[in-house]
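**Q** Take this structure, written in structure tokens, and hold onto it; I'll ask about it next.
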Amino acid sequence: MVEAWYMDDSEEDQRRPHRLEPERPVSLAHLQQLGVFYWKLDADKYEDDPELEKIRKERKYCWMDIITICKDKLPNYEEKIKMFYEEHLHLDDEIRYILDGSGYFDVRDKEDKWIRIFMEKGDMITLPAGIYHRFTLDETNYVKAMRLFVGEPVWTAYNRPADHFEIRGQYLQFLAQKG
């Protein structure tokens with residue numbers, strides 16, 4: 001099951017867990033209130049997993065590719081790691097399925113505080129369009145992930161501040177309705 005918690009404000013290595021002291025865990029229900037959805041799947045059979053196919057069909061995830069993030073496999077590794085960790089939003093949902101390795105997605109809550117979500121093999125997550133977030137590897141320095149999209153992939157990230165986008169306003173309205 002996914003593990004999430006509120007982060008400390010430390011400037012130490014971004015790949016460390018950065019848990020508050022005392023810890024403040026975050027439940028799956030709390031993440032859902034932010035529009036973040038999670039599934040646990042069998043990553044060893046992703047190529048012909050009926051559960052993954054069902055999710056893809058229901059949510060119209062019709063395009064996918066696989067990315068491996070590690071020094072040996074990803075061109076311009078250092079530049080990409082910095083780019084992934086820059087706080088940003090997308091105009092479309094971000095859907096990631098961890099096939100191997102591990103890392104962290106950080107998302108902003110309603111009060112603009114960081115929540116860190118630990119992702120490992122078999123974890124699939126959807127971050128809603130308009131949510132400020134970032135990604136980093138953990139101390140293993142390796143993740144292999146499936147990227148899924150509704151329609152043609154759009155790779156554009158809009159670094160904060162990006163509040164002028166209509167999708168950001170829609171996301172804030174969604175949060176307000178959640179109370």
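Placement of Cβ uses the backbone N, Cα and C atoms for every residue, glycine included.
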**Q** Out of His30, His133, which does Swiss-Prot tie to the same Ni(2+) site as His88, His90, Glu94?
**A** His133
**Q** Pick from 1-21, 106-126: which range does Swiss-Prot record as region 'Disordered'?
**A** 1-21
**Q** For His133 (Fe(2+) binding site), which residues of its chain lie six or more apart in sequence with Cβ-Cβ distance below 8 Å?
**A** Glu87, His88, Leu89, Glu94, Phe105, Asp106, Val107, Arg108, Leu127
**Q** What three-state class does DSSP give Glu94 (Fe(2+) binding site)?
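**A** In the DSSP reduction, Glu94 (Fe(2+) binding site) maps to strand.
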**Q** Run through the region 'Disordered' (1-21) and tell me, per DSSP, how many residues are helix, strand and coil.
**A** 0 helix, 6 strand, 15 coil
**Q** Just how many other Cβ atoms lie inside 10 Å of the Cβ on His90 (Fe(2+) binding site)?
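**A** Result for His90 (Fe(2+) binding site): 20 neighbouring Cβ atoms inside 10 Å.
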**Q** State the three-class DSSP label for His133 (Fe(2+) binding site), counting H, G and I as helix, E and B as strand, and everything else as coil.
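**A** SS state of His133 (Fe(2+) binding site) = strand.
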